[in-house]
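Among the features that TrEMBL reports, compositional bias 'Acidic residues' is placed at 71-83. What TrEMBL records for 93-103 is compositional bias 'Basic and acidic residues'. Among the features that TrEMBL reports, domain 'C2H2-type' is placed at 122-149, 150-177, 178-205, 206-233, 234-261, 262-289, 290-317, 318-339. Residues or ranges marked as region 'Disordered' in TrEMBL: 71-123.
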Amino acid sequence: MSSLSCSPPVKEEEVCWTEEEALVKEEEEEEDVTVKQDVEDEAVTVKEEEEAFRVKEEQQAAVFGVKEEEGELTVTVEEEEGELEKTGNLINTRERPDSHSDSGKSPSGEPDPETPKPARQHHCSHCGKSFTWLGYLKQHERTHTGEKPFQCSQCGKSFTVLVNLKRHEKLHSGEKPFQCSQCGKSFTRLGHLKEHERTHTGEKPYHCSQCEKRFSRSGDLKSHERTHTGEKPYQCSQCEKSFTQVGNLKIHNRIHSGEKPYHCSQCGKSFTWLGSLNSHEWTHRGEMPYHCSQCEKRFSQLEHLKSHERTHSGEKPFHCSHCGKTFSQSEDLKSHERIERLCSDLCF
């Protein structure tokens with residue numbers, strides 16, 4: 001009887017111990033799962049961040065517009081660093097694209113379980129600039145290293161950012177997915193279409209703070225502002241002549257390289273500038289659109305008319321730097337300077 005009465009408490013004690021062991025084991029398993037879940041969440045967050053960056057970068061290829069595709073004497077070009085700065089600033093100043101708000105709450109006001117953790121700040125070791133996404137930091141660092149990992153398979157031209165390569169490739173493919181609803185003209189980039197549409201609406205949202213002149217494109221405003229500041233950031237590497245616009249520098253470089261990309265379809269003669277080709281073609285058609293208002297003499301080129309008009313006005317804008325003598329024609333000044341140099345050589 002005595003042994004029978006003692007056995008139940010022992011059994012109960014064993015059961016309690018077993019339950020306690022199971023509870024401890026369950027807590028350890030929950031802790032392992034929590035740690036594993038935290039690691040997986042962090043990995044997923046990083047992966048989502050990288051994927052979101054890649055998708056956003058590809059989307060931007062369709063948005064960025066810099067200049068019209070038509071060949072103009074004066075063109076405006078945004079530098080890649082400028083585009084990168086604009087992109088980085090957008091990311092730094094806006095909320096994350098996959099978050100609902102800064103508070104981490106859904107529109108209903110309740111905590112949003114899908115809201116990611118606040119993004120880390122990534123700092124450039126060269127200049128200290130900060131970026132929200134690691135991908136943008138790596139992109140920015142290429143402006144310091146000069147690395148251009150994205151290369152066009154057709155012409156070999158390289159770019160520091162993917163969006164610039166994708167934009168460039170459309171020049172080869174001829175793809176123009178953005179069409180004007182008013183005139184049907186097509187463009188490779190959405191930015192170009194928006195700029196073009198202002199020619200229909202007359203909108204000029206960019207105005208100069210010094211003279212209030214207005215422009216339809218931001219690039220035109222920047223070029224204009226340099227006429228006030230005197231800034232000429234584009235310098236020729238051969239003669240150090242400076243220009244306010246990169247397009248004018250490229251045209252100037254043809255003087256040194258001898259490049260003449262414009263060819264007459266009738267006689268094959270080549271020209272450095274498009275305007276020179278247009279003037280030349282008038283000689284084939286017999287056109288002389290420029291006429292003197294005083295004697296009605298006609299000319300095929302504007303510079304010839306201006307040169308002729310000096311015979312009426314007596315203007316002599318060309319000055320000799322040695323003796324100060326003035327001439328109405330640049331050719332006369334050049335001839336005079338050659339004689340000056342010859343006399344100087346003979347004297348010494």
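From the backbone N, Cα and C atoms, a Cβ is placed for every residue, glycine too.
Shown for the domain 'C2H2-type' (206-233): DSSP residue counts in helix, strand and coil, namely 12 helix, 4 strand, 12 coil. Counting residues 6+ beyond its ends, the domain 'C2H2-type' (290-317) has Cβ neighbours under 8 Å at 279, 282-283, 326-329 in the same chain. DSSP states for the domain 'C2H2-type' (290-317), grouped as helix (H, G, I), strand (E, B) and coil, give 12 helix, 4 strand, 12 coil. Confidence across the domain 'C2H2-type' (234-261), taken as the mean pLDDT and rounded to a whole number, stands at 91.
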